[in-house]
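Participant: One structure follows; several queries about it will come next.
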Amino acid sequence: MITGLLKKVFGSRNERLIKQYRRTVEQINALEPKFEQLSDDQLRGMTETFRQRHAGGESLESLLPEAFAVCREASKRIMKMRHFDVQLIGGMVLNDNKIAEMRTGEGKTLTATLAVYLNAITGKGVHVVTVNDYLAQRDAEWMGRLYNYLGLSVGVNLSQMAHDQKQAAYNADITYGTNNEFGFDYLRDNMVYDPSQRVQRPLNYAIVDEVDSILIDEARTPLIISGQAENHTDLYQRMNGIPRLLERQIGEEKADGTGVEKPGDYYVDEKGHQVYLTEAGHEKAEEILAQQGLIGEGESLYAPQNITLMHHLYAALRAHSLFHRDQHYVVQNDEVVIVDEFTGRLMTGRRWSDGLHQAVEAKEGVSIQQENQTLATITFQNYFRMYTKLAGMTGTADTEAYEFQEIYGLEVVVIPTNRAAQRKDLQDQIYKTSKERYDAVVRDIRDCYDRGQPVLVGTTSIETSEYLSDLLNKEKLPHQVLNAKQHEREAEIVAQAGRPKMITIATNMAGRGTDIVLGGNVEKQAGFVEIDPNLSDADKAARIQQLKDEWQSLHEQVKSFGGLHIVGTERHESRRIDNQLRGRAGRQGDPGSSRFYLSLDDQLLRIFAGDRVRAIMERLKMPEGEPIEAGIVTRSIESAQRKVEGRNFDIRKQLLQYDDVANDQRKEIYKLRNDVLEANDVGEMVKNLRESVLIELFREHVAADTMEEQWDIAGLETRLREDWGLELPLAKTIEGAQSIEDEALLDMILKAAEERYEGKVAMVGRESFAGFERSVMLQSIDSHWREHLAALDHLRQGIHLRGYAQKDPKQEYKRESFELFARLLDVIKNEVTRVTFNVQIQSPEELEQASEQIEEGLSHLENVQYKHDEFAEGREPVEDAPSLRTGAAVAAEMAVAGMPKVGRNDPCPCGSGKKFKQCHGKLS
């Protein structure tokens, strides 16, 4: 109440910001007549003038009014589009490192040109980030005309581009590309063996289009570059038969022993997206595995040697229970292809980690591809936070404003619309069963079709869109289906969706980024006419003119029918995705309407709000086929959505807290790697490492501040001779001297090592040896960093169990990952020293050959894959398979291997007081 009163008096923060921006808009508008008087050459010349003024110390903020006015004038001349005042406000919001929330159809692409132009003046590069290659290329070509006119270069960064094309794209003033490609290029740049092979410049300024999709929906899973690990194909096939031999338990056992409706061998937790074996299930699984010869008779699944089997069994159970064909994936050309939960698009080439993809392949009977080893990884949170300036724009960000502020430090500013919105959002209708819901949807579509009103139907899966398509075919209602299977025709279908009597079924936000214009998108239709090879130029011109003439009458006709009608067949977990669907109607002040049809069978209602809504329906004694349409029910659903959003935010925040630990280590390793790459001579680095290793060796045998009698000189001589080839008479030196300091002995060792090393360098020349040293250092850093990533994954998977021992898992993860990192640096130091010190080289040619072999072994990895995996429901972060048994990973498993053999009902040896099966026995 007090907050509401304060807002009435002072206005909300959003209103106050808009008020401030409007003052600058007045300045820009006042400059318009001045720039209208300039010739094209004079207007173009303003860019160079701005550059000189900025180089002279003038800030971008002081240049902003003039730069925006110049950009608007250029747009009027080249694009025949004048920025509205609200678009100028949007441009200022983007320049101020904020997120501009602009309604669909308000011209986000044109708005971005203002902030892009201003920031490109610095010459440090501006990245415009989009969700797919099509939008990146479209916007680069479309807006590139404006930037080129103003004397700025534009590049587009697409996947599968050649190296020199990528370098040219990044060296341009403005670079368009996808979030995945920018992130992968960063990782690849930190895997090169020559600084000239890098493509990115330092990260300066990024504007992220559809910022909610990229920084929130896709932020739960990291970008991963991986290579193939050892083959477990046969094991996946054998494990695939086991879920069919196990019974599913209905209901979860509660603390008091109730809750189980039907006992079984495993329980599916839909909320947590996990599968758990019951007590009976463990025993049955052990019997089956023993019969198959995979474990010994009477042996436990939890024996350390069976950890890998446990992992494969759970992967098979999840594949059968949680991942469904045509909903989470499709099968095409002997491959399992993931369906993006948020857009409904096929994600060709992407694979689930943790052995899950292979388990699904075994289930579907397609060829099983090998598991992967992580070579490099980063989350979007940590990648985008490296930019000096970051901004974003979307139609729906306000519901996630807290997360943007908390994680990225980005404030959301809601930009007023140019024209008042006229869309009517009708109340949800909830039915008892799915069949009743779809009958109502078809009735609504039929009603709109008979009146001539276009309809866009939003579904949450390919399966639903195809089921609805079958229903409409039975009703003889003509329609278009837009889902992952048809995305090649996406632009064409969306262009037609606003025409009279058009019925379009779309999975979630397929076609996002393309406007649905009432009467049809005449620009898009004209584009298809332009590329028709069967028409002459004269025919094309005539057809385009005809389309333009027809469009105006169609536009008015559709407006009179009520504009575009949106039908949602299910509520999404996130209110934001629902708002995106609604936002397709009522663009730029056009009329429109929207309604969601739900049933008690829907996952969201079933898991989070089903009991409450069902109780209301029973209390009201609703007859079959009659819906509830009440504010209390809609509020219950929104409350359920808020719960899920909060839960997903916690998951993303937790992922970030864990990844921040790895990110600090990643920065250190990449800095070390770049220092090695860029150093003129790494000899000094190698010398420091060598001295450090020898000092540690010396102190193992001669502790500081000890007497001569306590020194292990014989042991030291042996280690120096066997490990380092140094024959030093240390014992004789001590005997021959009346008294000797330990530091004098150490100096003697370091000097002897230095002389031997320099003798080796002299044989082939300093320059040749420096190249070899660089290759050895890079090889050691890269190979051990990969092992370290696998070790961190292993640590991460089991760290939650520390909670049972009353320890904070995050603190334990930080502590142990730091210990692993210290060990990593130690291993690199020792390996580099040993290889460079003991290498037997006779000629520069041999040395060069050795360097090339090292570099080739690491830079030409087989079957390298680039993944940004998205689990179904986007609920969980990707982790690589625990079966990767690199040296560091095995070290991380030692704790498990060291656990005594314990019965499942015995107290857990960790000291938590729980039974083993409810504590560390839960390890999967």
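Note that Cβ sites are derived from N, Cα and C of the backbone, with glycine treated the same way.
Given the structure is predicted, the values throughout are model-derived calculations rather than measurements.
Under the heading ATP binding site, Swiss-Prot lists Gln87, Gly105, Glu106, Gly107, Lys108, Thr109, Asp515, citing sequence analysis as support. Annotation comment: Swiss-Prot describes Cys908, Cys910, Cys919, His920 as Zn(2+) binding site, evidence class sequence analysis.
Describe the structural context of each listed feature in the structure shown, including burial, neighbouring residues and relevant distances.
Facilitator: In the three-state DSSP assignment, the secondary structure recorded for Gln87 (ATP binding site) is helix. For Gln87 (ATP binding site), the same-chain residues that are 6 or more apart in sequence and have a Cβ closer than 8 Å to its Cβ are Glu106, Gly107, Leu110, Thr111, Leu114, Asn418.
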Participant: Using the CB centroid of Gln87, Gly105, Glu106, Gly107, Lys108, Thr109, Asp515 as the ATP site centre, which other residues of the same chain sit with their CB within 8 A?
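Facilitator: Leaving out the recorded residues gives Met102, Thr104, Leu110, Thr111.
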Participant: Is it possible to get the count of other C-beta atoms within 10 angstroms of the C-beta of Thr109 (ATP binding site)?
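Facilitator: Cβ-Cβ neighbours of Thr109 (ATP binding site) within 10 Å number 17.
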Participant: What's the number of neighbouring CB atoms sitting within 10 A of the CB on Gly105 (ATP binding site)?
Facilitator: 21
Participant: What span in Å does the ATP site cover, taken as the longest CA to CA distance among Gln87, Gly105, Glu106, Gly107, Lys108, Thr109, Asp515?
Facilitator: 17
Participant: Show which residues of the chain containing Asp515 (ATP binding site), separated from it by at least 6 in sequence, have their CB under 8 Å from its CB.
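Facilitator: The answer is Thr104, Gly105, Asn521, Arg587.
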